[in-house]
Amino acid sequence: MNLTAETITAAPSATRPRQGLHVITWGCQMNVYDSARMSDVLRPLGYGPVDTPEDADMIILNTCHIRERATEKVFSELGKLRKIRDERVQGGKSRTVIAVAGCVAQAAGEEILSRAPYVDLVLGPQTYHRLPEMVARAARAGGTVIDTDFPAEQKFDYLPDQAAPQTNGNLTAFLTIQEGCDKFCSFCVVPYTRGAESSRPVASVIAEARRMVMSGVREITLLGQNVNAYHGLDENGRSTTLAELAIDLAKIPGLERIRYSTSHPRDVEQTLIDAHRDIPALMPFLHLPVQSGSDRVLKAMNRGHTADEYRDIIRRLREARPDLALSSDFIVGHPGESEQDFQDTMQLIRDVGFASAYSFKYSPRPGTPAAGQPLQVAEDVKDRRLAELQALLREQQDAFNESLVGTVQDVLITGLGRKPGQLAGRSPYLQPVHFDGPAELIGQIVKVSITIRRTNSLGGVLIRETALAC
Ligand code: 5AD
Ligand code: SF4
């Protein structure tokens, strides 16, 4: 299929003066997506990306509140940005608009107003479709404009199409399909910063995916705080599951790979497990956070499942898709976590076997139930447990990568490698893979014989289709 770019989106107005936009993104994949969409919203106003804050007429700091010291990090960054703005003004350039977006803006908007009154805009994750209006208000009135509502309207209905392919050119993309969370895990700020669970309608997701594919994207990661709680409405007003959505997306010609993140064990239904068996485009790599392997801690965390229920889900998933590999999130030192609880987590890790994982020390977040609990675990104990857990996870990651040496993997070639003549791509398991080959292959999925495991990547040899045909 010949995928052309012309049909995608209108180019930004050529008549408007071009203004430099610099977006600094912290935190999760959804923030990466949101930052791109904020750029889209501002494009019709003449804003285009610049690489450094010094060159920017507007700077957006897209923040994350998930773990400690997030707020202090924002104020320290804002201090630097203010200096940059002062220097620009002294040099006769325009006064930079400074905006704070994302979850810290949502959770600490008032504090930003009082401690950094020089900030122009403060906006939460649900209101960035209103950015143009906020920019205009700030220009008119001066002072800080703040919008941290949870508006009744869905921002997705008001966002313009993505950047035209010539400004983007990506082969992989994130696509938010669901947002917010009603699970209220004891430790987590997300339900307070991102709001209640909501899903985008099917047609809107499919249309966005089609646009992405038309612009050259081959791999889409569907995003949501609880992505497998997706329940978007179809054209008949019927609630649709993630599995059904994946079936529809897999029909888009040119969309070779589909992933989704982040899932919750409680929402892994049989239909989703079956989808892993039935949809080849659904990649055999799943991020399914478990947080702890102790039933006592899982209960205290309000996770709504036991360790054995998690093991059972994994067993069923592997039955459906034997080459499935897993990734997870772990927290050590949740209030009340005993040594035995921690050992139960280590046992679950040994039982399941993870290809990769993220692990954190519990950090109390203001306003969450766990933060106020007695029996907080001492810092040195958390340090020791985290080191032990990470050593085991590292061992498992190395073993998984090693197990691929001698196999042939499908690799999506995403660009040139660092060495001359080298290509870089990603395996089905999101590992970077490097091998020699011609640049014309960029964008294709090729077969690579894996010959070496490095610390965080694989090396291999391209298998030519012609060779395969012989
Ligand atoms: N402390 C430590 N880790 C946390 N996470 C979320 N909240 C906290 C917290 N208060 C971790 C969880 C989650 C991941 C995105 O961040 O493991 O899955
Ligand atoms: Fe946070 Fe739990 Fe919701 Fe995940 S499921 S976003 S950890 S509250």
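Quick reminder: no glycine exception, Cβ is built from N, Cα and C everywhere.
If you look up TrEMBL, you'll see Cys28, Cys64, Cys103 marked as [4Fe-4S] cluster 1 binding site. Here TrEMBL flags Cys181, Cys185, Cys188 as [4Fe-4S] cluster 2 binding site. Annotation source TrEMBL lists domain 'MTTase N-terminal' at 19-140. If you look up TrEMBL, you'll see 167-399 marked as domain 'Radical SAM core'. If you look up TrEMBL, you'll see 402-464 marked as domain 'TRAM'.
Feature annotations (TrEMBL) mapped to structure.
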residue	record	Cβ neighbours (10 Å)
Cys28	[4Fe-4S] cluster 1 binding site	19
Cys64	[4Fe-4S] cluster 1 binding site	19
Cys103	[4Fe-4S] cluster 1 binding site	25
Cys181	[4Fe-4S] cluster 2 binding site	23
Cys185	[4Fe-4S] cluster 2 binding site	23
Cys188	[4Fe-4S] cluster 2 binding site	21
Residues close to [4Fe-4S] cluster 1 site centre defined by Cys28, Cys64, Cys103, Cβ within 8 Å: Trp26, Gly27, Met30, Asn31, Thr63, His65, Ile66, Gly102, Thr193
Rounded inter-Cα distance in Å - Cys185 ([4Fe-4S] cluster 2 binding site), Cys103 ([4Fe-4S] cluster 1 binding site): 17
Overall pLDDT of the domain 'TRAM' (402-464), taken as the mean: 96
Environment of Cys181, Cys185, Cys188, the listed [4Fe-4S] cluster 2 site - residues of the same chain whose CB lies within 8 A of the CB centroid: Lys183, Phe184, Phe187, Val189, Val190, Pro191, Gln225
Nearest-integer angstrom distance between the alpha carbons (Cα) of Cys64 ([4Fe-4S] cluster 1 binding site) and Cys188 ([4Fe-4S] cluster 2 binding site): 12
Pairwise Cα distance for Cys103 ([4Fe-4S] cluster 1 binding site)/Cys188 ([4Fe-4S] cluster 2 binding site) [Å, integer]: 12
Nearest-integer angstrom distance between the alpha carbons (Cα) of Cys181 ([4Fe-4S] cluster 2 binding site) and Cys28 ([4Fe-4S] cluster 1 binding site): 15
Contacting binding-site residues for ligand 2, chosen from Cys28, Cys64, Cys103 when the Cβ sits under 6 angstroms of any of its atoms: none
In sequence order, those binding-site residues of Cys64, Cys103, Cys181, Cys185 whose CB lies under 6 Å from ligand 1: none
Cys188 ([4Fe-4S] cluster 2 binding site) and Cys28 ([4Fe-4S] cluster 1 binding site), distance between Cα atoms, whole Å: 14
